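To start, the structure under review is shown below, and the notes come after it.
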Amino acid sequence: GRALGVAAVQNLVGVLPGRDRTLPAILVMSHYDSVHNSPGAADDASGTAAALEIARALKASGPHLRDVIFLFTDAEEAGLLGADAFFSRDPSLSRVGLVVNIEARGDAGRAAMFQTGPGNGALIGVFGREAKGASGNSLASTVYERMPNDTDFTHAVNKGLPGLNLAFIDNQLAYHTPLSRPDHLQRGSLQHIGDQVLPTVQALANASQLPAKTENAIYSDVLGLFMIRYPPAVGWALLGIAAALVGFSAWRALAGRGATGWEIARGAAGLLLTAASAGLVLHLLGRLLMIDGVQRYYGLLTRFDFLLWGAGLLAAATGLGVATAQARGARRIIPCAIALALGGACSLVGGFDPVGLGLGLAACILAALALGFRTEVLGAWIGGMIVVLALAIAAQVLAPGATVMLTWPLLVAAVGAALVIGIGGTRDKRVAMGLTAVVGLLAILSTAQLAAWGAWTFAGVGLMEPAVLALFAMLAAPALSPLAHEFAATRWAWRAAGMMALVGLALTANAARLGGEPSRPAITQALHLADLSTGKAWRVAGLTTLDAWTRATLPDDGGSEPRQQALAPFWKNPVWMSETRVVPVASPQLTVDRAEDRLLIRLIPAPGAELVSLRVRPSAALSQPRLNGRPITLATKAGEWSSLTYHAPDPNGITLSFMTAGSGQVEIAALEHHDGWPTLAKAPPPKPADLMAFGLSDKTAVLVRGGLSW
């Protein structure tokens with residue numbers, strides 16, 4: 001591509017020798033770097049600390065059968081650069097047979113194993129047996145594989161190595177912010193990740209053979225108590241059992257006239273209506289939250305729990321509303337009109353929204369199919385199970401790992417239905433009460449597990465699309481169907497749904513409030529920019545809106561009123577700028593020259609430079625890029641900027657070169673960052689307790705430009 005990050009990395013590698021050093025080794029990996037303005041206690045000092053404690057424990061209990069290698073990588077945050085160096089050219093790699101990576105994306109919550117290497121079936125068996133409080137599921141791994149996210153473990157996967165990737169992700173307000181301090185880190189999270197990794201690594205280190213690559217398993221922990229795992233073939237068998245139970249229930253219901261075919265069809269449409277309606281409501285919520293940048297994203301993280309509970313209540317209220325409408329045979333026109341109105345409202349916020357319109361239209365059509373006639377409990381129950389069964393079969397074909405979320409709630413609902421329909425009609429009150437208790441208990445357990453999965457999924461992707469919770473609301477519905485249907489027949493049903501919706505809206509409104517609190521501050525940003533090419537200086541803020549502190553800080557040193565301006569080529573969008581007093585700053589040295597047909601761009605950073613970003617815009621594409629004489633992958637395009645970012649640059653200087661052809665010209669811009677404000681600049685006022693520095697805030701940036709024609 002036309003953007004490249006580089007660094008001179010310093011990985012740390014240690015080895016605990018085993019009794020047989022010819023056996024493939026276990027690699028335990030974490031990274032020791034962090035980002036600007038974040039101490040990195042969670043991401044990833046916690047992983048480093050856990051790895052060191054694991055090394056201590058293994059050494060005390062050893063020697064073990066095989067080597068355990070500990071890799072502490074550099075520059076993970078800069079683009080997995082340390083891991084890239086190890087997995088591309090470190091001689092130790094040839095000895096590695098399995099990789100365990102320890103990560104963090106928040107600083108609280110249970111640690112989960114969210115990604116594996118290829119052929120994980122046997123390895124998941126070891127992890128499930130050995131790990132204390134094993135946590136993870138194949139749904140998370142399936143989803144993560146389709147996301148653009150990367151960790152150091154990505155390089156292990158690309159090399160075809162088996163392994164496990166673990167992290168805790170709650171309280172993401174601490175992710176890459178000053179809150180990531182040891183005193184803010186939840187000790188239980190650190191303990192839990194160690195409790196899983198240490199016994200697993202210990203067992204693997206003593207195994208005569210590492211787990212063979214076998215078919216990927218379908219797996220999940222059950223409420224954090226134990227782990228189930230099985231191959232896809234067993235998944236098909238479980239679906240066969242579920243299909244038999246659903247078929248039995250449908251046959252008995254139809255034969256005994258407990259439900260008609262039309263009622264079952266309306267029940268199926270009702271479950272789809274629950275998914276579409278909840279998805280529509282939550283999608284509109286996401287549009288209203290207007291997550292248009294990092295500032296808004298972190299703003300919502302300040303009150304994330306309110307958002308999670310609010311979105312969950314809105315989904316539950318929608319599901320109860322659908323169940324009530326079906327149980328009472330509600331008219332179609334009002335739900336259909338509401339669906340179309342909400343679908344259209346999605347386009348009123350943030351522009352045309354085909355997803356919102358599609359959900360509104362789908363909800364309207366499904367309301368027309370599901371409503372208008374009373375649907376009794378068996379029709380709603382069986383119809384919903386048929387929908388989940390169809391989805392589970394499709395998932396088993398396309399993405400078997402995702403079926404753990406579908407198959408088990410379906411089995412719970414199917415067992416309950418078969419018991420009720422098979423034993424139904426009994427006049428023995430004790431049997432009836434016992435049956436009710438069993439169905440209720442199954443529903444509670446199924447819903448609790450789905451809530452745990454849903455909360456973890458929402459923590460991962462919910463801020464970008466809250467509608468993800470609609471899937472979990474839909475899957476909870478079949479097991480809850482008999483209870484919800486009974487309640488829906490009472491006069492309290494509509495009131496309960498309305499109250500849940502109001503509380504959900506109140507919680508999400510509270511989550512959407514602007515500003516932080518002393519215990520959960522909002523992010524802010526201000527830095528000094530010295531443009532040596534124009535002789536001017538600016539105070540700059542790259543966030544979307546200015547808080548009171550930033551608005552006061554930008555013009556505070558003899559500056560102008562802040563206004564948004566373009567600052568190409570280093571910011572894609574306009575940034576807040578206030579021209580300020582020029583003060584001395586350390587200056588990098590930029591030279592642009594040409595030797596024969598090779599363009600030479602030489603930059604010597606000023607002492608203390610943390611980061612240098614070079615931008616190159618040629619009049620014609622350049623070829624054969626080299627950095628300090630070594631070939632690199634950096635494409636160029638006529639009239640457009642290409643980017644090279646050098647983290648912790650070599651104080652002796654860097655040379656970027658290209659081959660040229662024919663006549664042409666090139667523009668060069670270099671931006672160098674130093675910690676802190678210039679010595680002679682007026683110091684900004686202290687930040688209030690409800691704000692914290694983010695990104696490159698409180699840095700000095702020095703901009704130089706150059707160019708050459710030939």
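Each residue's number is its place along the chain shown, starting with 1.
From the backbone N, Cα and C atoms, a Cβ is placed for every residue, glycine too.
Noted in TrEMBL for the protein shown:
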DOMAIN    11-199  domain 'Peptidase M28'
TRANSMEM  233-255  transmembrane segment
TRANSMEM  267-286  transmembrane segment
TRANSMEM  306-325  transmembrane segment
TRANSMEM  332-350  transmembrane segment
TRANSMEM  356-373  transmembrane segment
TRANSMEM  380-399  transmembrane segment
TRANSMEM  405-424  transmembrane segment
TRANSMEM  431-452  transmembrane segment
TRANSMEM  458-480  transmembrane segment
TRANSMEM  492-512  transmembrane segment
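For the transmembrane segment (267-286), the partner stretch with the most Cβ pairs below 8 Å, chosen from 332-350, 356-373, 380-399, is 356-373. If one looks beyond the transmembrane segment (405-424) by at least 6 residues along the same chain, the residues whose Cβ comes under 8 Å of a Cβ in the stretch are 137, 139, 218, 220, 235, 238-239, 241-242, 245-246, 248-249, 252-253, 256, 258, 378, 381-382, 384-385, 388-389, 391-392, 395, 431, 435, 438-439, 442-443, 445-446, 449-450, 453, 475-476, 478-479, 481-482. Counting only same-chain residues 6+ beyond the ends of the transmembrane segment (458-480), those with a CB under 8 A from a CB of the stretch are 106, 109, 140, 143, 147, 169-170, 172, 271-272, 274-276, 278-280, 282-283, 285-286, 289, 291, 297, 300-301, 304, 307-308, 311-312, 315-316, 318-319, 323, 359, 381, 384-385, 388, 405-406, 409-410, 412-413, 416, 442-443, 446-447, 450-451. Packing against the transmembrane segment (306-325) from elsewhere in the chain are residues 270, 273-274, 277-278, 281-282, 285, 300, 335, 370-371, 380, 451, 454-455, 458-459, 462-463, 466, 469-470, 472-474, 476-477, 480-481, 484-485, 487-488, 493-494, 496-498, 500-501, 503-512: each is 6 or more residues past its ends and has a CB under 8 Å from a CB in it. Note on the domain 'Peptidase M28' (11-199): its mean pLDDT in the predicted model is 96. Same-chain neighbours of the transmembrane segment (380-399): 142, 232, 235-236, 239, 242-243, 246, 249-250, 253, 259, 263-272, 323, 326-327, 406-407, 409-410, 413-414, 417, 474-475, 477-478, 481-482, 485, counting only residues six or more beyond its ends whose CB sits under 8 Å from a CB of the stretch.
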